[in-house]
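Enquirer: Dropping the structure in here first, questions after.
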Amino acid sequence: MKQVFHQLAKQHNITNNKSFTLPTKQSLEQSYQDVKFQFVMQFSKATTQEQLEQIVNILFNHGFQSYKTRNLQNDKILLFICIWDPKIILEQAEQMQLYKLVIDRSHTQMHEVYRKIAEKINVKKILDERLVIALNQIDKRIVELENYQKFKYHLKNDFCLHNEDSEVIKIFSPSETLLIIYNYLHTIKIGDLDMIHFLKTEEYLLQVTPIHDEIVSLNTVSDIERYFGGNLAVYFEFMNFYQSMLKYLAVAAIITLIVDHQSSLFKITNVASFYAVLTMVWSTFFIIAWRRKENELSIEWGVFGQQHIKRLDLNPEYKGTPKMNYITGMVKNGYPTSSRIFYYMVSLFEAIPILIIAGLIKIVVFNINGLIRNESSIFYIKVAAKLNQEGGLLYYKYTTNILDILTILLIFYINTLYTKVCINSTKRENHRTNLRFYNSLILKRFLFELINRFFHLFYIAFIEFDIPTLRSLLIKLFVMDQIRRVLLESLLPMLMKQQYEKQKEQYCLNLQKKEDINEKIVDRIAELELWEYDDFDDYIEVIFQYGYIVLFAAIFPLAAALTYIFNFIEIWSDKFKLANKLYQRNLPKKAYSIGEWRIVLMTLSVLSIYTNTAFIALAYFNVFDTCQKTGCDWENILILLFIIEHFSLGLKYIVSKTINCKPKWVRIVLRRMRRKRRNFNY
């Protein structure tokens with residue numbers, strides 16, 4: 001390692017033109033009036049002073065200003081960095097090919113564009129008045145957003161009214177600026193690896209964390225996109241869109257309950273069956289409408305499939321062997337597919353025991369609660385079934401509720417254990433990018449949660465045919481789950497805010513006693529003690545909330561209305577956490593889609609066709625009324641189920657192929673952008 005750093009010093013012509021000693025409090029206060037640090041690099045205690053000096057000088061020669069201190073909480077070495085020269089940021093933005101809006105200074109300019117287009121296509125009889133009328137009739141979004149062009153430094157005057165670099169840089173949002181600087185950090189090479197990747201591989205650099213701005217305003221989703229980036233903003237955009245679509249289903253659910261309020265708990269009425277069909281249709285249109293919304297966001301946020309940005313998504317733990325590409329002649333680290341498949345199988349065998357344990361717990365609880373009545377069933381456990389009978393240990397008032405609470409806590413612990421196992425097993429799969437790692441983790445977590453949350457409900461519905469128990473259990477689980485989310489997502493952030501303020505004050509006092517450090521630096525160091533924000537749990541909670549709505553629409557219509565109410569609290573609490581800086585600032589990314597979560601939504605939507613058609617078919621032949629398993633006309637039941645299921649799947653397929661996933665105005669913008677580049681060499 002020392003030899004590498006010495007070679008690095010020669011490679012970058014390092015000189016001692018940057019002092020590495022701690023500045024005085026007075027000089028630091030003067031510095032902070034002009035400098036706004038953008039990132040903090042956290043180094044391990046094993047990093048020597050000499051190595052840090054070389055890193056600082058390398059950064060200095062690449063235009064970075066830095067300041068070193070130490071975190072007294074964990075003794076990590078902290079290096080605050082920022083770029084002084086805005087020209088570096090603008091040139092790097094050109095290298096990244098970021099899209100920005102060209103200034104549309106007047107309608108005369110657009111009129112000239114139309115005139116040139118008319119000349120190109122040899123249309124000589126188009127009157128100027130008609131051009132103006134056509135221009136006024138075009139969607140305003142088309143006129144505005146068709147001006148997206150790749151940023152070029154020598155054409156910076158086209159993107160900003162001012163020509164100074166300090167003014168031009170303002171066209172980039174705070175999240176884009178951080179992304180540009182992070183990308184620039186990765187251009188500093190050590191051998192074949194960039195410096196960040198190299199230092200992380202050698203376990204010297206622990207983390208590169210963006211620093212919060214002093215003032216954060218998150219009133220709209222656009223504000224979130226500008227500050228945190230598209231990867232977080234798309235979650236809030238999805239939640240807002242989900243709410244806007246859910247209100248129609250919530251109204252239908254309330255109408256169903258009003259019309260159906262006197263019906264027997266044992267029956268699935270015609271009104272409930274109609275609501276189930278409506279929910280299946282709604283889920284189809286919801287997914288298609290969201291895909292259209294994603295394409296709109298890709299235009300509005302200036303994201304046009306920027307594949308080159310994905311190279312920053314490299315997994316630092318990826319380990320491969322050098323292989324030559326015989327087409328390009330480039331040497332690139334590769335990993336055998338057979339090895340990854342082997343670790344996929346290992347992950348599967350690790351998950352099976354945890355699934356079996358979770359299943360056994362539920363089976364025991366079913367027997368205690370008397371849900372498994374058939375003694376010939378393979379799930380019947382005689383010892384457990386007698387515990388809740390007269391004379392048993394659990395034959396007392398409220399014991400069932402206490403048992404349910406203990407079961408929920410135990411399952412929660414198993415979920416936590418399974419999450420850790422999933423993360424470790426996914427790391428062994430050695431994915432090249434963080435996106436592939438994330439998608440693999442989504443698949444594992446989704447399959448486990450699907451079985452864990454819904455298997456016992458399917459058993460009660462389609463094995464025991466016990467609709468009253470299913471309804472009461474659905475209401476209990478759903479309401480308790482929503483209350484848990486409110487407590488964790490609303491009350492906990494408030495307590496975190498109070499605790500964070502107290503810790504920060506104490507931390508400031510302790511640090512200022514031992515080090516002569518500015519208060520603002522201390523405040524930034526305190527940020528590093530916050531949790532890292534991860535939207536994974538937020539997504540998975542919303543996904544299974546959606547599952548309750550669509551999978552059991554015929555049984556539990558109230559889920560849509562309750563979800564619509566609870567989601568207001570959820571959205572508010574999520575914004576509260578971010579606006580009050582209760583988490584570390586995440587690394588911004590260009591995104592406009594929820595990614596693999598949309599596949600999960602489609603899976604639940606297709607699965608809802610089978611569950612709801614089964615409810616309707618079994619209710620039509622009065623299977624649920626008598627709770628009978630034998631003596632039913634199963635042949636006709638299967639025929640009816642087959643017809644409804646195929647009709648629903650066919651309708652879903654036709655609708656998905658008929659409705660274009662790109663709205664008309666989006667298609668027009670993309671075509672006009674291509675034409676302008678072709679005709680005017682943009």
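Glycine is treated like the rest: Cβ placed from N, Cα and C.
Straight out of TrEMBL:
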| type | residues | note |
| --- | --- | --- |
| DOMAIN | 224-672 | domain 'Anoctamin transmembrane' |
| TRANSMEM | 272-290 | transmembrane segment |
| TRANSMEM | 341-365 | transmembrane segment |
| TRANSMEM | 402-421 | transmembrane segment |
| TRANSMEM | 442-463 | transmembrane segment |
| TRANSMEM | 546-569 | transmembrane segment |
| TRANSMEM | 599-624 | transmembrane segment |
| TRANSMEM | 636-655 | transmembrane segment |
Enquirer: So which of 272-290, 341-365, 546-569, 599-624 is most in touch with the transmembrane segment (442-463), counting Cβ pairs under 8 Å?
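Expert: Of the candidates 272-290, 341-365, 546-569, 599-624, 341-365 scores highest.
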Enquirer: Quickly jot the same-chain residues contacting the transmembrane segment (546-569) by Cβ under 8 Å, restricted to those at least six beyond its ends, or write none.
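Expert: 239, 242-243, 246-247, 249-250, 252-254, 256-257, 268, 272-273, 275-276, 278-280, 283, 450, 453-454, 457, 461, 467, 470-471, 474-475, 478-479, 482, 485-486, 489-490, 601, 604-605, 607-608, 611-612, 615-616, 619.
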Enquirer: Which of 341-365, 402-421, 599-624 has the most Cβ pairs closer than 8 Å to the transmembrane segment (272-290)?
Expert: 599-624
